[in-house]
Ligand SMILES: Cc1cc2nc3c(=O)[nH]c(=O)nc-3n(C[C@H](O)[C@H](O)[C@H](O)COP(=O)(O)OP(=O)(O)OC[C@H]3O[C@@H](n4cnc5c(N)ncnc54)[C@H](O)[C@@H]3O)c2cc1C
Ligand SMILES: Nc1ncnc2c1ncn2[C@@H]1O[C@H](COP(=O)(O)O)[C@@H](O)[C@H]1O
């Protein structure tokens with residue numbers, strides 16, 4: 001059976017959920033072979049094996065953290081040369097897309113980014129994409145070379161599929177030309193203890209209607225009662241009320257949770273681009289004419305400062 | 001020596017208009033009003049600020065696109081860029097990201113450069129891969145997704161910037177020549193002044209076609225594309241849900257709905 005390379009996104013060996021989703025999708029096309037760059041490959045291999053990775057190609061080199069992107073391309077290319085896979089899958093993060101792009105040029109292949117689904121087809125994998133702010137759905141293929149495809153988070157459910165997950169060392173030589181961009185310093189993001197925005201089953205977002213950083217705890221309290229992640233519109237981010245990492249939309253994160261709650265958000269096209277594919281959409285807005293109401297499964301026309309705290313109390317009392 | 005900055009700008013269908021596909025499943029660029037991709041305005045802005053901070057610099061704005069793409073160049077010129085380069089050729093219709101990066105790379109080499117500045121993503125394709133593709137093709141460092149950027153030391157100097165990622169914020173540094181991309185967090189783009197708009201009309205725009213860049217027709221276009229769209233379907237509009245007015249019971253009603261959907 002053809003092998004499919006899966007690029008592993010992890011933090012110190014803790015595999016992030018989108019990679020497990022990639023393994024599910026990879027199994028539709030062939031046998032997943034994971035590529036783990038950096039420390040703690042053994043810890044990662046256990047989880048990767050449980051989700052279908054027959055093999056884990058591992059390499060660690062200081063260059064992966066000292067220079068931007070290019071050394072990882074050298075490593076993925078080494079894995080590609082070792083395996084001759086039927087496809088290469090990566091998570092659709094900023095870095096995942098950049099690695100994919102450069103690998104595609106090097107191996108002479110086409111590239112598809114931001115797939116939301118993947119199936120095997122007669123002429124290679126067929127990728128589903130959601131385009132023009134999620135108003136169109138397309139199906140595409142790569143027609144030259146080995147398909148290189150990046151997939152958005154929440155595109156498939158991770159499945160248990162026990163496989164060997166045998167770790168093999170991958171020999172990597174980082175080219176001098178890949179050491180062009182130095183990472184001079186790195187400040188890790190502090191964890192909020194809440195679920196990752198792109199991975200969460202429920203997202204509660206606040207917009208300009210929240211009217212100040214000091215009011216965002218109202219949104220956070222509802223999120224915490226539901227075990228949800230917190231999002232924000234660009235208007236709220238630009239005003240400095242909430243960090244940019246939490247922005248939902250075209251230039252922020254694109255989310256596709258089971259439930260999306262928008263409070264004090266009008267529903268501009270660029271915001272919709274990042275949340276329109278959510279399964280259930282709920283909005284709270286005091287303007288009955290706000291375009292967000294065109295999208296909702298349930299909407300409340302009202303003041304968020306009345307509705308949101310009361311809803312938080314309802315949720316808490318119902319959950320007991 | 002003058003610092004040669006090339007800014008890549010794309011002409012895109014207006015996101016607030018009715019964007020759709022043409023019959024051959026390429027993005028319809030004829031029936032929909034177009035404009036300079038808003039995310040590329042940030043690239044023009046940062047290029048202008050880099051020029052203002054440098055002893056001597058010149059900004060060329062470059063676009064690959066249909067005839068109307070000259071509007072995007074004019075807008076960038078009216079913001080303050082010095083000259084334009086427009087690559088236009090009938091054989092470019094349907095070119096994908098890999099093909100576009102080939103054309104842009106050749107045009108950038110033709111123009112001469114120390115620093116290439118891109119937007120974080122185009123607002124139509126939203127791939128965000130062109131800057132990395134360009135760095136790979138040109139064989140120069142990629143310093144991308146910057147929310148802050150500065151250049152020191154002229155054409156042989158260094159570019160520094162801050163990249164805010166998912167798990168960390170990184171300070172990056174590379175020697176020129178380099179390709180950079182900037183995000184919409186890098187700072188508001190200026191509006192063209194009346195004087196700027198008048199001056200832009202007289203600024204030179206060089207027109208290039210595939211032959212000028214020594215690119216064969218079959219390396220680009222729909223036929224040369226490395227990817228193929230087989231189907232494009234409009235997403236069914238979401239069916240209108242229930243909207244209630246809060247008269248004291250809004251939260252309760254909403255909680256009922258969420259409980260019915262098993263969220264609580
Ligand atoms: C290139 C580009 C990229 C962009 N990318 C993004 C992006 O990634 N994400 C994004 O979100 N936007 C993005 N935008 C901006 C987008 O166009 C909108 O400006 C933005 O989404 C508006 O945010 P908002 O809905 O919070 O604010 P507004 O549009 O001002 O809406 C605020 C809403 O809150 C309601 N409200 C006010 N007070 C209350 C209250 N007390 N109770 C209840 N409701 C209240 C109002 O009725 C109003 O509907 C982008 C724009 C451009 C040009
Ligand atoms: N046709 C084009 N002409 C000029 N620049 C482009 C073109 N397409 C993309 N770019 C540049 O590449 C960036 C990223 O585009 P993309 O990878 O298509 O999302 C854009 O912000 C532009 O700076």
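Cβ coordinates come from backbone N, Cα and C, glycine included.
Per-residue confidence over the domain 'Electron transfer flavoprotein alpha/beta-subunit N-terminal' (A:4-187) averages 97 (mean pLDDT, predicted model). According to TrEMBL, the feature domain 'Electron transfer flavoprotein alpha/beta-subunit N-terminal' maps to A:4-187.
In sequence order, A:233, A:235, A:236, A:239, A:264, A:265, A:266 are the residues of the chain that are 6 or more apart from residue A:208 (FAD binding site) and have a CB within less than 8 Å of its CB. Annotation source TrEMBL lists FAD binding site at A:208, A:233-234, A:247-251, A:264-271, A:285.
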Q) Near chain B: which of the binding-site residues A:208, A:247, A:250, A:271 have their Cβ closer than 8 Å to one of its Cβ atoms? A) A:250
Q) Name the residues of the same chain, 6+ apart in sequence, whose Cβ is under 8 Å from the Cβ of residue A:247 (FAD binding site)? A) A:231, A:232, A:233, A:234, A:237, A:253
